[in-house]
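I have placed the structure first, in the form of structure tokens, so that the comments after it can refer back to it.
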Ligand SMILES: NC(=O)CC[C@H](N)C(=O)O
């Protein structure tokens with residue numbers, strides 16, 4: 001700890017209410033502004049950093065040691081880290097893991113991402129839990145608190161922000177790579193199934209492990225940019241439509257909502273995860289709202305009565321329960337705060353979850369949802 005501490009240069013974290021934390025820099029140098037959120041997972045920092053849903057956010061890890069297992073090319077959930085910054089209690093410059101190819105500080109420098117450590121992340125998390133979502137600024141170049149406060153106070157709030165255009169794919173591409181056989185589980189004792197189903201995935205900021213899980217369950221996936229018109233999507237004659245996770249405020253993604261509204265009129269099986277769940281809800285006439293500080297971690301309990309799933313989550317918005325149409329059924333609640341965590345249409349083959357069944361990182365309790373989607377597509381096809 002002391003050796004690691006000696007390496008960083010002084011850095012400041014200033015929240016929009018003026019609360020200031022002094023720390024040390026790791027990663028790139030400079031100044032960065034974003035919504036400060038906390039993730040309570042004890043593993044999976046690389047997957048978190050590269051999850052496009054974190055675009056625009058500075059992530060605080062409540063687990064106090066960051067970087068112990070380094071980073072490696074296989075654990076990237078997208079082509080680069082997507083966060084605006086990283087906050088840690090302590091970090092390591094010397095990782096130890098058979099899969100590690102680089103240290104976390106070197107990786108962040110290479111991708112120009114600013115990090116600050118030596119922060120009392122418990123105090124910071126308690127602050128966010130009491131005041132709610134708040135913007136923050138990290139700087140390694142200006143240690144003038146007043147100047148940083150002025151900058152952070154002029155940054156936009158996450159509410160109302162459409163960030164999908166920052167992360168959606170520019171090109172249409174096909175994905176057929178399943179989960180690596182070392183890690184494959186549930187599907188035919190680790191074998192990839194061959195269902196021959198075609199899924200169009202609308203990319204609001206998709207995580208790679210979702211695509212791998214769909215491929216392991218036998219789907220060929222065509223990933224399309226979020227602004228692809230519904231007619232172009234239907235040209236692929238898909239067996240099902242997948243709506244991905246993604247960053248920002250779902251209610252600001254108006255084009256995505258209109259596309260999904262047009263697609264669900266066709267009655268094709270549709271599965272949404274996280275932002276995809278919120279967009280399906282909005283398309284079915286519901287509303288969304290911003291949670292006080294969101295759910296980000298790997299042990300969020302969800303269920304209704306008999307069965308509880310421990311789930312991986314990363315979201316700051318949720319579907320408003322009271323706004324749901326009578327045709328829409330709640331399949332899961334988040335059992336910590338009883339917000340809506342899963343939906344399905346009573347008569348049509350549409351369902352969605354607010355959490356991440358693909359995990360990465362996190363528990364695999366909800367992996368069965370990919371199979372449910374495949375079965376819906378098979379039924380719909382008359383197989
Ligand atoms: N992981 C996600 O898809 C997040 C959805 C949305 N951006 C939210 O914060 O609620």
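Glycine too: its Cβ is placed from the backbone N, Cα and C atoms.
Bear in mind that the values here come from a model prediction, so they are computed numbers and not experimental data.
Going through 25, 53 against TrEMBL, the one listed in the L-glutamine site together with 246, 248, 275, 278, 314, 316, 317 turns out to be 53. Distance between Cα atoms for residue 358 (active site) and residue 275 (L-glutamine binding site): 14 Å, as a whole number. Here L-glutamine is bound by 53, 246, 248, 275, 278, 314, 316, 317 per the record. The longest Cα to Cα distance in that group is 13 Å. In this structure, the binding-site residues under consideration are 246, 248, 316, and the one with the smallest number of other Cβ atoms within 10 Å of its Cβ is 316.
There are 25 other Cβ atoms within 10 Å of the Cβ belonging to residue 358 (active site).
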